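What follows is a set of notes on a single structure, which appears directly below.
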Amino acid sequence: MIYEGKAITVKALESGIVELNFDLKGESVNKFNRLTLNELRQAVDAIKADASVKGVIVSSGKDVFIVGADITEFVDNFKLPEAELVAGNLQANRIFSDFEDLGVPTVVAINGIALGGGLEMCLAADYRVISSSARIGLPEVKLGLYPGFGGTVRLPRIIGADNAIEWIASGKESSAEDALKVGAVDAVVAPEKLQAAALDLIQRAISGEFDYKAKRQPKLDKLKLNAIEQMMAFETAKGFVAGQAGPNYPAPVEAIKTIQKAANFGRDKALEIEAAGFVKMAKTSAAQSLIGLFLNDQELKKKAKGYDAVAKDVKQAAVLGAGIMGGGIAYQSAVKGTPILMKDIREEAIQLGLNEASKLLGGRLEKGRLTAAKMAEALNAIRPTLSYGDFGNVDLVVEAVVENPKVKQAVLAEVEANVGEHTILASNTSTISISLLAKALKRPENFVGMHFFNPVHMMPLVEVIRGEKSSEEAVATTVAYARKMGKNPIVVNDCPGFLVNRVLFPYFGGFARLVSAGVDFVRIDKVMEKFGWPMGPAYLMDVVGIDTGHHGRDVMAEGFPDRMKDDRRSVVDALYEAKRLGQKNGKGFYAYETDKKGKPKKVNDPAVLDVLKPIVYEQREVSDEDIINWMMIPLCLETVRCLEDGIVETAAEADMGLIYGIGFPPFRGGALRYIDSIGVAEFVALADQYAELGALYQPTAKLREMASKGQSFFGQASSEE
């Protein structure tokens, strides 16, 4: 054994060939943490010191190659001063460069996923052989960063600037075949032939059949583009990528600028340019929020997986209420492998549900995400029915009938009488109390809420609502079923609106106040979209449905009359009474026309101004900043209340619920991280400036206490530098 550590071993294979193997003890995957980097330094030094070494094969002892850097270390690392961070980055890069500069040929055998630093390790080798099932990529832009272990330097010199820009700026993974096409790898082989192929390649390089030094040289030189080619490649790409990424996600454009700045330099100087730019990105609030988001997401998944120990396996599901929502739920269950009954009392509703499922499956087939055989299998897994005849062996029933407590209670009581005594019943409700609905049931312990978001196939979140009498098994089984459906479940306690809608309606309340103060809703939409929301509040209400918003607002006003009840007629009342219900009937705040793809396209409709005139009670001058604060303060404060009231258990779950459920701007990290980024004390002072607007703008006593103690929700303050 030439070197033995906890993450890396180097052993002799045959005839001077050694294998550097990544196998991080106690972990299911390999990653570049401090330990792995330190051991790579020692391993490279040990190889360099051994005169008998003629060639190096790099491999992995895990199912994956290396998934990248250990992101849990980023939070503390990125707090370091800029100069210290740059020095640390260059020190790490020296390891990869020393590996690249070994006086013998190097081959990496990529057996599974190689992402971020994992791929950058591969790029430092002379040759790359990849398993046909492996995938590679540089996803750092998704964290508000770009590659920092030489990715912006080596990749353009291996696959060309255009291809490298596409890989780095998109952050997408590539298949083995796609990687071969652009020259990122040298050979694709069947998984079982990978080791033999790597051995064959290294032997041919040692024998001189392949010139490894000539292969290595372009990575050490400047980029082979003249001034005109550089201008065409970089300026065009910057414009295109800036348009796609938008101003709130600077990393993709900064990555292109870095490749451009380093184009006329050799490797070592180019790495210095990369390090400076990488650290600049690491210090942005976008990176800190997106890294926080990634860690929150990991925490969420780990927590949801923790319910598996108590959960029953759902082998057969059912959905009550077909139509678009029922069809969407049936599709999601079937396509992920759980057969489902779809029941309704009307044949036409069942047909609508089946059409929805068929349309969604057809869409996947067209995009090549599904084979015709798999589509047929999924369709066969959805069984339509008008009766309860087959409900005896159902493990879990999702009730998805109209959002009316009396109707839901009647349907739930009826289905309870037709299922086994251990069957879980789950109500897909957006606002109605689960404990209230449970009063109609004989076995309330088997009952929970399971709130899907529309459209079901696209929205990743499912709120699993624990009622007063819900058993742990019922909650756990529903969480496990949601995960099986490919969703991200968050368990919340019962209250009107649960987490997401309870927080969303104060946001809509801020919007209604602005319109009543004479602010143009089109302007509000533009300001909030610029702030980072995927759509402004008026457009969002049109998509949700004005009737749905009207009903939800009444439920919330009844649940929280102290702050959510408004005796004045509002913008929602005006549109509802004028039967302008949004996209569903072609007119709401906006009018809707059908585009070439058959999708609704919004257009301004002057007729709406007459509808809104009676609810404009004053004409206020408000700045864009005021618009943001009128909208965001109530949303953030209600999120704080949900955490304090125990509706949601952790700050991470609260923030992820808003990002997954209502499209909260990811680069801002969620409502609580947004408060942290402003500073809790500063946020409280800001809210106090708007105190005249009512109870929704009043910070809680506990938040004031946090402000006075200098506390934060995530134990750190994120600030733009």
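Glycine is treated like the rest: Cβ placed from N, Cα and C.
Checking the candidates Met325, Met375 against Swiss-Prot: the one annotated together with Asp344, Val401, Val402, Glu403, Lys408, Ser430, Asn454 at the NAD(+) site is Met325. Substrate binds Asn501, Tyr660 as Swiss-Prot records it, and from the list Asp211, Asp221, Asp268, Asp297 the residue named for this site is Asp297. Applying an 8 A CB threshold to same-chain residues 6+ apart, the list for Glu140 (site 'Important for catalytic activity') reads Gly116, Tyr146, Pro147, Gly148, Gly151, Ile168, Gly171, Ala251. Residues belonging to the region '3-hydroxyacyl-CoA dehydrogenase' (312-721) score a mean pLDDT of 95 in the model. Distance noted between the C-alpha atoms of Asn501 (substrate binding site) and Lys408 (NAD(+) binding site) is 19 Å.
Nearest neighbour of Asn454 (NAD(+) binding site) by Cα distance, taken over the recorded positions Glu120, Asp297, Tyr660: Tyr660. When Cβ neighbours within 10 Å are tallied across all protein chains shown, the highest count among the binding-site residues Asn454, Asn501 belongs to Asn501. When the recorded positions Asp297, His451, Tyr660 are screened for a Cα within 10 A of the Cα of Asp344 (NAD(+) binding site), none qualifies. Neighbour counts of Cβ atoms within 10 Å were taken for the binding-site residues Met325, Val401, Val402; the minimum is at Val402.
Under 8 Å, Cβ to Cβ, and six or more positions away along its own chain, Glu120 (site 'Important for catalytic activity') finds Phe96, Leu138, Pro147, Phe149, Gly150, Gly151, Arg154. When the C-alpha distances from Ser430 (NAD(+) binding site) to the recorded positions Asp297, His451, Tyr660 are tabulated, the minimum falls on His451.
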